[in-house]
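Data block below; observations after.
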Amino acid sequence: MSSLSHGNGAEGSSRFGLRTLALRDAGTLIGLVVILAVFALLAPGFISERNLLNILQQSSLNACLALGMTLVIVSGGIDLSVGPTAALSAVISGSLLLSGVPVPLAILAGLALGALCGLINGVFVAVVGLQPFIVTLGTLSTYRALALIYTGGNPVLGIPAGYRAIFNGAVLGVPSPIIIVAVVAVIAWIILKKTPLGEYLLAVGGNEEAAYIAGVPIALTKIAAYVISGFLAALTASILIGRLGAAEPILGNLWELDAIAASAIGGASLMGGKGSIVGTLLGAIILGAMRNGLTLMNVQAFYQLLATGLIILVAMIIDRMTRGRG
Amino acid sequence: MSQSVPRLRFEGVTKEFPGVRALSDVTFEVAAGEIHALLGENGAGKSTLLRILSGGLRPTAGKVLVDGRELVLRKPIQARAAGIAMIHQELQQVQHLTVAQNMFLGHQLTRLGGLVVDRAGQERRAAAALARIDPSIDPAAPIRTLKVAQRQIVEIARALLDEARIIAMDEPTSSLTPSEFDRLAEIVADLAAGGVSIIYVSHKMDEVFRIGHRATIMRDGAVVGMRALAGVDQKEIVSLMVGRELSQEPHRSFATDEVKLEANGLGSAVSRVRNISFRLHKGEVLGIAGLVGSGRSELLRLIAGADRRSAGTLAIDGKPVTFRSPREAIAAGVGLCPEERKREGIIPLRSMTSNLGLPSLKRYTSGGLIARRKLDKVAERHLKGVNLRPFLPDRPIRLFSGGNQQKGIIARWLAADSQILLFDEPTRGIDVGAKSEIHALIERLASEGHSIIVVSSELPEVIRLSDRVLVMREGELAAELSSDGLTEQAIVAHAIPGYAGRSTSQS
């Protein structure tokens with residue numbers, strides 16, 4: 001027996017698998033606490049109830065996207081098309097609202113369109129057998145182009161107040177976007193941890209050939225991940241146009257990168273088979289808190305970008321160094 | 001052979017992987033100009049040793065000496081510079097490139113200061129190297145137009161080009177005809193006469209005895225003997241390879257007359273498997289023997305729904321079935337324990353329990369949610385039944401030894417109520433203790449009424465486990481043999497293309 005496996009054997013309790021995962025989340029949480037502590041010292045007004053809610057609200061959009069992204073990454077894929085999916089769904093949903101379609105129907109239509117965009121991605125990946133990166137790179141351009149063509153490049157202005165009220169409201173002082181995303185996170189957590197789909201996603205991403213032999217419905221599993229991702233991109237878009245009062249066809253530019261960053265900081269492996277919902281939420285909040293804090297400190301945008309890049313790299317290096325190879 | 005410095009010396013070479021010791025303290029020497037056979041069952045450590053020699057792996061302890069100097073390899077490419085060439089069982093050539101391009105792959109001849117590949121120069125030198133062994137091969141021909149035997153010669157010529165002083169051949173004859181083997185034997189003998197040291201890995205005793213000077217025999221990662229091949233008995237070598245544990249267990253049969261699975265004229269859309277007909281009874285263990293590449297694994301994949309069927313019919317309990325995916329086969333009670341556990345068997349990061357539950361999740365799901373406690377209970381029962389060690393169902397499966405991973409896969413199918421169990425090389429890469437455990441387990445499953453097919457390259461294993469043995473050859477059934485008094489020779493005679501015909505025409 002090698003010393004390596006021996007060490008693991010001694011450490012391994014019946015909770016071994018559970019504990020290692022929770023450990024990773026604890027690591028992300030420590031990262032968040034450190035960042036909060038640093039800004040608490042450097043940026044006046046950073047730690048106030050108002051600003052903390054602000055951070056959560058600013059992070060909620062990215063978190064919503066990143067939750068879907070995490071499921072896709074766990075399945076061994078990637079979804080680069082979330083931003084344009086959001087934009088397409090936003091402009092269609094916005095136009096429907098302007099033409100007098102009832103609010104719930106317009107929201108549903110937008111969400112359905114997002115899910116359809118995801119379905120198309122999923123079919124190309126799982127049925128046609130193209131690589132996820134290339135498929136979603138292609139649909140990234142395609143969906144964006146459709147949004148631009150449909151609107152002629154102009155924003156859809158004048159989203160009705162009844163719609164905006166839903167996303168600008170608050171329950172017990174908590175802004176509704178935070179509540180919506182919290183509910184989404186709970187559902188995503190249940191999917192990954194408690195449902196057959198979650199097991200299948202982890203299996204397909206962990207070893208597709210073995211999952212196939214074990215009877216996992218590979219194509220359906222992958223498609224489900226992309227549909228969820230597209231749906232959540234559309235949900236993110238409906239929150240955003242509710243807050244802005246306009247649906248721009250260029251909305252969501254580079255969103256995919258923030259979403260991937262949040263997933264990765266939270267412990268998702270781009271190789272597939274691994275990822276954490278709690279970690280992704282914390283990852284999104286880390287990115288949001290960074291930006292908020294730097295803005296409060298009046299740091300220039302260029303340096304904010306630099307800081308974001310560095311935090312991703314540092315998070316990945318820490319992840320690598322603490323993971324070991326047992 | 002020990003008076004001078006040996007061409008190659010392994011000194012205390014040990015290699016550990018998480019959970020398994022693949023090599024322990026391997027020491028032996030190969031002289032210049034010697035053809036040294038490396039023998040052992042699958043999983044004995046031969047391939048690991050070759051990978052260390054070729055720079056693909058680094059030993060945990062010990063060293064490799066070439067001409068008395070320690071060989072330190074960080075990358076496979078450095079092995080080539082050190083005069084070591086490797087000829088793999090699966091030839092590693094780029095199909096659409098020419099013979100010459102393949103021979104110079106990775107170290108092209110260039111002109112104009114490295115800007116342009118000197119194709120003419122490459123072909124000239126390739127032709128010169130080929131001329132020493134087989135001038136009929138055109139260096140400008142695409143490699144895919146060559147027969148396997150010719151492609152092997154190209155690999156050997158490439159080794160000559162690199163001025164290799166050590167050539168390791170891993171199962172070079174697994175897909176050669178007898179006359180092609182004769183030619184290979186000549187070439188190898190010539191190379192050795194010219195001072196090249198050959199390490200020759202093969203399962204085929206006859207070949208090894210014809211071609212080799214000495215043999216090192218390995219079992220379970222350790223050297224168990226070294227023999228000069230002249231004047232030694234084949235049986236002695238085989239018993240060294242196999243050890244005694246396996247052959248002593250008598251075979252017990254639990255076969256009934258009830259036909260569980262019936263195949264008629266099965267053919268595959270994606271492999272060479274064709275026209276396979278057989279019956280598998282309840283409680284029966286059916287062995288399938290044959291050379292690597294004879295279509296054994298592909299037949300199992302066909303039955304398990306992993307490959308598409310192009311011809312024939314399959315019936316379970318008398319009812320015709322068609323599987324478009326393993327999922328459908330699993331629903332019909334068929335479970336496959338694949339040969340390459342790492343690639344096709346396990347989800348490495350997931351727990352033993354998760355791996356076990358994967359095909360049967362529906363059973364533990366209510367209201368869309370997995371009832372973990374129910375799954376845990378089922379997993380615990382079945383993992384206890386297969387004697388998982390250490391008994392840690394929540395531990396990631398990759399941290400278990402190969403034998404215990406295999407037990408987990410078997411438990412998976414028991415939890416899914418699979419009545420037909422297909423084993424592809426059930427004990428490959430598994431150490432000897434776990435091996436006999438797996439054998440006993442397969443026997444127990446048969447006694448409990450499961451119908452079992454075992455594909456194995458280890459003939460003693462096939463004979464030990466099976467009630468009947470089917471021999472495959474080039475994608476077809478060559479023979480059906482009863483296991484009573486069955487010998488390895490009888491199986492081999494049917495497995496080798498042209499072999500049976502040749503011996504009858506000579507006698």
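Yeah, the Cβs are placed from backbone N, Cα and C, and that goes for glycine too.
TrEMBL: automatically predicted annotations, no manual curation.
According to TrEMBL, the feature transmembrane segment maps to A:26-47 (among others).
Summarising the annotation, TrEMBL assigns transmembrane segment to A:59-78 (among others).
Marked as transmembrane segment by TrEMBL: A:90-116 (among others).
Taken from TrEMBL, the feature transmembrane segment covers A:123-146 (among others). Packing against the transmembrane segment (A:123-146) from elsewhere in the chain are residues 72, 76-81, 83-85, 87-88, 117, 218-223, 226, 249-250, 256: each is 6 or more residues past its ends and has a CB under 8 Å from a CB in it.
Here the transmembrane segment (A:166-192) has Cβ contacts under 8 Å with residues 53, 56-57, 60-61, 63-64, 67-68, 70-71, 74, 103, 198, 201-202, 228, 232, 235, 238-239, 242-243, 275, 277-278, 281 of the same chain, all six or more residues outside its ends. The transmembrane segment annotation in TrEMBL covers A:166-192 (among others).
Here TrEMBL flags A:264-289 (among others) as transmembrane segment.
Per TrEMBL, the feature transmembrane segment maps to A:301-318 (among others).
Using the rule of three or more Cβ pairs under 8 Å, pairs at least 6 apart in sequence, the transmembrane segment (A:301-318) is in contact with the transmembrane segment (A:26-47). Counting Cβ pairs under 8 Å that are 6 or more residues apart, the transmembrane segment (A:26-47) and the transmembrane segment (A:90-116) reach fewer than 3 and are not in contact.
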